[in-house]
Amino acid sequence: MNRLQVELPGLSLKNPIIPASGCFGFGREYAQFYDLSVLGSIMIKATTEQPRYGNPTPRVAETPGGMLNAIGLQNPGLDKVMNSELPWLEQFDLPIIANVAGSQAEDYVAVAKEISKAPNVHALELNISCPNVKTGGIAFGTNPEIAADLTKRVKEVSEVPVYVKLSPNVANIVEIAKAIENAGADGLTMINTLLGMRLDLKTAKPILANRTGGLSGPAIKPVAIRMVHEVSQAVNIPIIGMGGIETAEDVIEFFYAGASAVAVGTANFIDPFVCPTIIEELPALLDELGFDHISECQGRSWKQTCHSR
């Protein structure tokens, strides 16, 4: 029995560990360190219809317990992803999750329609929560009606299940999650980064050229856990949880909150081996906690019954 195997819409994962979009590129750099086939999946870099060069520099700043980024969805564009990046990834035994972004609803629809045809793309991650672009991005993820409409339009053209990435920069994340579920989403991924800022002590000006950026890393984990805990009790579609995950213990905490799989982001910048290390350590942790299978941990913090030994 594979104690870590997870079945989600469109995704048969050998384990629930997935590098998060934006922190792993298209996997080329990390393939120098280990066989990417050990992973559950990869959420590839956000793809837009046309190439994007991103925001001006500086666009990364360290913070206590994390980092701020304002990359601005830099990517080579749909054609390059379809003709180069995705074919390269076919050498690995991996179902790919393609992150889809855009400035207008029509952009999302166009990218989703084409990229979902790729043979190794098994699901889409609809990026309606990037805080670092002036148009699109978070604008779609902070209004329930707009988020639902975009979800419905993408579902109509996608050939694979659609997961929607939620923003934490909202007053009521449950309301948005339920609207997206009602629009036909197959799953949710959460959370994206929290909007933040750092100021230079000598100039009193923002360190980032974009002024603000998305906060990620261990500092946001308690927020992510709280939001997964709330949303998982309100919807009937699976959640891929993310936000500050660095260890096997972090993974179990997200499962307890209600996640069915997890994505590891900023930690990849600190330790390129973090994902395989977590995968290796999870079975021993399950033994220690008295579980036969990782699915037994899902929603344990709020479910009335559990199946621990």
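The backbone N, Cα and C atoms fix where each Cβ goes, and this holds for glycine too.
What you see is a predicted model, and the numbers here were worked out from it, not measured in a lab.
Going by what Swiss-Prot states, the FMN site holds Ser21, Lys45, Ala46, Asn99, Asn127, Ile191, Gly217, Gly243, Gly244, Gly265, Thr266, and the candidate of Lys155, Lys165, Lys303 recorded there is Lys165. Spanning the listed FMN site, residues Ser21, Lys45, Ala46, Asn99, Asn127, Lys165, Ile191, Gly217, Gly243, Gly244, Gly265, Thr266 have a farthest Cα to Cα distance of 20 Å. Counting every protein chain shown, 28 other Cβ atoms lie within 10 Å of the Cβ of Ala70 (substrate binding site). Within its own chain, Gly265 (FMN binding site) has Pro19, Ala20, Gly22, Cys23, Ser216, Met242, Gly243, Ile245 as residues 6 or more apart in sequence whose C-beta sits under 8 angstroms from its own. Within 10 Å of Ser21 (FMN binding site), judged by CA to CA distance, lie the following binding-site residues from the set Lys45, Gly72, Thr193: Lys45. A gap of 15 Å separates the Cα atoms of Asn127 (FMN binding site) and Ala70 (substrate binding site).
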